[in-house]
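Have a look at the structure below, then the notes.
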Amino acid sequence: MGQVIVITSGKGGVGKTTTTANIGTGLALLKHRKVVMIDADIGLRNLDVVMGLENRIVYDLVDVVQGVCRLKQALIRDKRFENLYLLPAAQTKDKTAVSPEQMKDLCDQLREEFDYVLVDCPAGIEQGFKNAIAGADKAIIVSTPEVSAVRDADRVIGLLEAAGFEEPKLIINRIRPDMVKRGDMMDIDDIIDILAVDLLGVIPEDERIVISTNRGEPAVADENSKAGQAYRNVTRRIEGEDVPIMSLDVEPTLMERLRMLFGLKPRK
Amino acid sequence: MDFLKLFGREDVSSKDIAKERLRLILVHDRANVSPQFLEMIKSQIINIISDYVDIEEEGLEVKLTRMKKDEEITVPALVANIPIKRIKHVARA
Ligand SMILES: Nc1ncnc2c1ncn2[C@@H]1O[C@H](COP(=O)(O)OP(=O)(O)OP(=O)(O)O)[C@@H](O)[C@H]1O
Ligand SMILES: [Mg+2]
């Protein structure tokens, strides 16, 4: 029996869909797991585009729930990665087209056949959020190192705990090591300290994410992407491996190199 | 470090300002206290102590904040500022 993991955040645009696509692809590609990703963002579907599967959609999540088609018919198999499937969201309906009970049934059906069921949650804490978490047994929270995103993450962690989730895990996305270094961005320890949750991974800001999204190919499969490397690490941690958080040290600046040359300690 | 003093100071990193603001925001969010709730506390405080002192009601301030318990630990604190006009006779007895 597989596990159902919801990827959520509260605040919009922090990287839930990117994270879902990369973890899903990572688990299928690196660990040969059978994975299905559900786009629970009804009305604003995105996961299909990030995965480059938008031209393959025939049926969607709402069709399945309303009995228009069978579950199998709506699942899109990703031809590039064996064992990777997508259940797309409906684009023209709204969130009330699905109930939490129906989502739970759907997830329970899918976990019979898949090792992982990943649910890409919409932004917010309303109906769409309630639907997305209804069938899940674990949760991954995505936040960026900004006050508003961390605040919303805290709110969501509270709601998840109230809903019976134990130990949600945190992914900090879009870290900029150069800004952290000069004291203009909260660092990992600050955020972990404030939210008091376990860290699942840290994803650097990386323009290759934009490039890979343009192409519809998740960065986790891109050898040259730092964010891709970070997502590969996250994938291995989900599988229980003990992988240290990768160091995001920036290249020393010219000034710092000069200081080192003269035997001075680099300023912290 | 008093976080109010952080504002307008260029030598304090913006990350420290962010952290301190975030901590204070979360004190409120987590306590889930509404402004109405603080108003309720306010009016009850007025009720109780006006038997003993005349207070300046407009100046009365009740707020949630953070307070250092010792070097390491900071805890949420309910702080009331109550300006007194006059101590009543009963209170001196
Ligand atoms: N590590 C990163 N580096 C650079 N760009 C990123 C990174 N992570 C996400 N992005 C970009 O940020 C944007 C938002 O990402 P994404 O769609 O995954 O967020 P979301 O949380 O799913 O948003 P929504 O709440 O609207 O569903 C996208 O354009 C994505 O390419
Ligand atoms: Mg999304």
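Every residue, even glycine, has its Cβ placed from backbone N, Cα and C.
In TrEMBL, annotation is done automatically, which means it is predicted and not curated.
Taken from TrEMBL, the feature domain 'CobQ/CobB/MinD/ParA nucleotide binding' covers A:5-218. Feature annotation from TrEMBL assigns ATP binding site to A:LYS11, A:GLY12, A:GLY13, A:VAL14, A:GLY15, A:LYS16, A:THR17, A:THR18.
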(request) Look at the binding-site residues A:LYS11, A:LYS16 and tell me which residue has the greatest number of other C-beta atoms within 10 angstroms of its C-beta. (result) A:LYS16
(message) Using a 6 Å cut-off on Cβ distance, which of the binding-site residues A:GLY13, A:GLY15, A:THR17, A:THR18 come close to any atom of ligand 2?
(response) A:THR17
(message) Same chain only, sequence gap of 6 or more: which residues have a CB within under 8 Å of the CB of A:THR18 (ATP binding site)?
(response) A:VAL50, A:ASN173, A:ILE209, A:THR213
(request) Select the most exposed residue of A:GLY13, A:GLY15, where exposure means the fewest other Cβ atoms within 10 Å, treating these as the binding-site residues. (result) A:GLY13
(message) What's the number of neighbouring CB atoms sitting within 10 A of the CB on A:GLY12 (ATP binding site)?
(response) 13
(message) Long-range neighbours only, meaning 6 or more apart in sequence with Cβ under 8 Å: which ones does A:VAL14 (ATP binding site) have?
(response) A:VAL142, A:SER143, A:THR144, A:ALA149, A:ASN173, A:ARG174
(request) Write out the long-range same-chain contacts of A:THR17 (ATP binding site), meaning residues 6 or more apart in sequence whose Cβ is under 8 Å from its Cβ. (result) A:ASP39, A:ASP41, A:ASN46, A:LEU47, A:VAL50, A:ASP120
(message) Averaged over the domain 'CobQ/CobB/MinD/ParA nucleotide binding' (A:5-218), what pLDDT does the predicted model reach?
(response) 96
